[in-house]
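Colleague: According to Swiss-Prot, the protein carries these features:
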TRANSMEM  1-21  transmembrane segment
TRANSMEM  33-53  transmembrane segment
TRANSMEM  79-99  transmembrane segment
TRANSMEM  168-188  transmembrane segment
TRANSMEM  247-267  transmembrane segment
TRANSMEM  271-291  transmembrane segment
TRANSMEM  327-347  transmembrane segment
TRANSMEM  372-392  transmembrane segment
TRANSMEM  410-430  transmembrane segment
TRANSMEM  455-475  transmembrane segment
TRANSMEM  492-512  transmembrane segment
TRANSMEM  533-553  transmembrane segment
Amino acid sequence: MSIIFFIILFPLIGFLFLSTIQDFIFKRYTLNIGIFSIFISFFITCFYGVSILKNNNQVFTQILWKWLSINEFKIDFGFFLDGLSLSMLFVITGVGLLIHIFSSWYMRYKEGQSRFFAYTNLFIASMSVLVLADNFLFMYLGWEGVSVCSYLLIGFYYTELKNNLCAFKAFILTRVSDVFLMIGMFLIYREFNSFNFQEIKFLSSFLNVENFYYLDYITLFLLLGVIGKSAQLPLQTWLSDAMVGPTPVSALIHAATMVTAGVYLIARTHFLFLLTPGILYLVGLIGTLTILVSSISALVQKDIKRILAYSTMSQIGYMFLALGVKAWSAAITHLIMHAIFKALLFLSAGSLIKSCKNEKNIFKMGGLRKQLPFLYISFIVGGASLVSFPLITAGFYSKGNILFSVLKSGCIDFFIIGLFCSFLTAIYTFRMIFVIFHGKNIHTADSSTNLQHNIPLFVLLLLSTVFGSYISPPLSDVFPLSYTPIDHKFAFEIICSILSLSGIYLSYYIWIKNLYVLDKIFQFKFMRYLYYFFLKGWGFNWFYKISFVYFYLYISKRLSADPLNKIINYFLKVTQIFNFYLLKTSNGYVRWYVASMILGINFIFLLMLFFYFN
């Protein structure tokens, strides 16, 4: 008996339970319900993980029921569990479980605790649907479900107008992208007469690419459909503003899981992208440009969560870069590693913000390493993995594999930018760490924690080290076999290590040893303008505001007068006037009615005579 649907069922039950009876149970029970439902999903995922590994990457399927059946058009509610789905599920349920445990500490005395766990349970259920669905339409149900959850959790503190506006912005920008995804799905059905992933994969192997020009449009629309969700250029602006929600939300949705949905979808449909090398190159180009823009933007941010948000865009950019050079397994491996060390950094940031009485400006902290030693270690390990610190971190191996694959693919321009941005990553990451934990002690921190706080951080910390590099997703039967020559890899690793260490040292030199260097740099007016330009995200928000928002407001203002309605109202007034005088004829006098009838008959006779003689 297949029990795949239990992975979705228990978080869904948790959501319904917490949404309906939250006023009738103690708050501590809501924590337990929210965590237990995710634990069951994680346990079932582990069960299937063992089964897949024991049975040579066996694939599991389950059809729940027929969704639609109209002539030959048939859509099932079906699940497909292979190595790729399993890898994503371990991130969703495993990292999700640790974040839920941490959230039981973070949200303990905060308002809306039950609502928070209800939303996060619904998110886990929706994300599980997204990665388990065996067809595009069922997948799209989960795709939109995670968008709704993201909107609800970004605007979780809905009493503040800014939070609501940020939630609207995220929702609208991702909807723009989703329109293209829908078009891509409809084109797929038009050409393949199916939404099922495996059927499309089978049919695509028989295509004559030269005569199938629609394939470029299909993959282009799929790409445009995923860049919004994964915060890639040019629809990346929502992610930095999404940090207004609770910090565990940023760890769960906007770092570890939802923003990687685009990477998953391209990987799932890799057989289509392989047939369109031009679009595949565009995937790598978008990833590379996003890496560059987000890395430079992170260098100038002061808000700790915005720094981590830009680093998330950058790391997802590396995944897109890997997909663009057909390094499928490297992209998914880095996705897993990134989910681990970025969850560690976000949860540590949440604990730090709470300890510093909701302060997020890193320059208003300082010298906290003695007050918060465990958080200091967590930031060091998570940051080291983010910057690919050599040999002892998981990020060194996962990101190193991506850059090496790019080098061997011959995309030297992509490789140089990726390598340069790896250097920038080391600078802005340890800038954040040095400013917060070194220097003068500016802020007094509250260091009260418990096991719900410490255990998730410790597990994530351990997996962010070299131990995490032993995680090997079972993808050999998912993607086509590829061979990357390993000659000169040692020299490549030496160069990457030198760049990472140089970035760390430069960060230490500027922000700890010689702060006056920055003052000298900002004496130049051009540098101050450049700093402001990067701080505002390269002007993307300004461009969208000028091009779309103001234009929409202008059209709305013009239409508020409603010219069409004025025309309709004109005819209405004419009818009302005619009706008013017509009613005057109904005065109750018989002589008036007889005279009117005679006059009418004479008028009709005159018309008849006129038309007869003409």
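Cβ coordinates come from backbone N, Cα and C, glycine included.
What you see is a predicted model, and the numbers here were worked out from it, not measured in a lab.
Map these features onto the structure and tell me what's around them.
Modeller: Note on the transmembrane segment (33-53): residues 3-4, 6-8, 10-11, 13-14, 17-18, 60, 81-83, 86, 89-90, 93-94, 96-97, 100-101, 103-104, 117-118, 120-121, 124, 128, 474 of its chain, located 6 or more positions outside it, place their CB under 8 angstroms from a CB of the stretch.
Through the fold, the transmembrane segment (247-267) approaches residues 84, 88, 91-92, 95-96, 99, 102-103, 106-107, 120, 123, 127, 130-131, 139, 143, 146, 149-150, 153-154, 156, 222-223, 225-227, 229-232, 239, 273, 283, 305, 308-309, 312, 316, 319-320, 323, 328, 331-332, 335, 338-340, 342-343, 346-347, 349-350, 353, 478-479 of its own chain, all at least 6 residues removed from its boundaries and within a Cβ separation under 8 Å.
The list of residues near the transmembrane segment (372-392) in space but at least 6 beyond its ends in sequence, with Cβ under 8 angstroms from a Cβ of it, reads 311, 315, 337, 340-342, 344-345, 348, 351-352, 355, 399-400, 422, 425-426, 429-430, 432-433, 436-437, 445, 447, 449, 454, 457, 460-461, 464-466, 468, 493, 496-497, 500-501, 503-504.
Within the same chain, residues 284-285, 288, 291-292, 295-296, 298-299, 301, 307, 310-311, 314, 318, 321, 324-325, 383, 386-388, 399, 402-403, 495-496, 499-504, 506-508 sit at least 6 positions outside the transmembrane segment (410-430) and bring their C-beta atoms closer than 8 Å to a C-beta of that stretch.
Through the fold, the transmembrane segment (455-475) approaches residues 52-53, 57, 83-84, 86-87, 95, 98-99, 101-102, 328-329, 332-333, 336-337, 340-341, 343-344, 347-348, 351, 374, 377-378, 381-382, 384-385, 391-398 of its own chain, all at least 6 residues removed from its boundaries and within a Cβ separation under 8 Å.
If one looks beyond the transmembrane segment (492-512) by at least 6 residues along the same chain, the residues whose Cβ comes under 8 Å of a Cβ in the stretch are 387-391, 396, 400, 403-404, 407, 419, 422-431, 434-435, 438-439, 518.
With a threshold of 8 Å between CB atoms, the same-chain residues lying at least 6 positions outside the transmembrane segment (533-553) that come near it are 234, 236-237, 240, 293, 296-297, 299-301.
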Colleague: Name the range, of those listed as 168-188, 271-291, 327-347, that has the largest tally of Cβ pairs under 8 Å with the transmembrane segment (79-99).
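Modeller: The listed stretch sharing the most Cβ pairs with the transmembrane segment (79-99) is 327-347.
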Colleague: Using a Cβ-Cβ cut-off of under 8 Å, list the residues of the same chain that are 6+ residues beyond the ends of the transmembrane segment (327-347) and lie near it.
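Modeller: Distant contacts of the transmembrane segment (327-347): 84, 87, 90-91, 95, 98-99, 102, 247-248, 250-252, 255-257, 260, 263-264, 267, 270, 305, 308, 311-312, 315-316, 318-320, 378-379, 381-383, 385-386, 393-395, 397-399, 401-402, 405-406, 409, 456-457, 460-461, 463-464, 468-469, 471-473, 475, 478-479, 482, 484.
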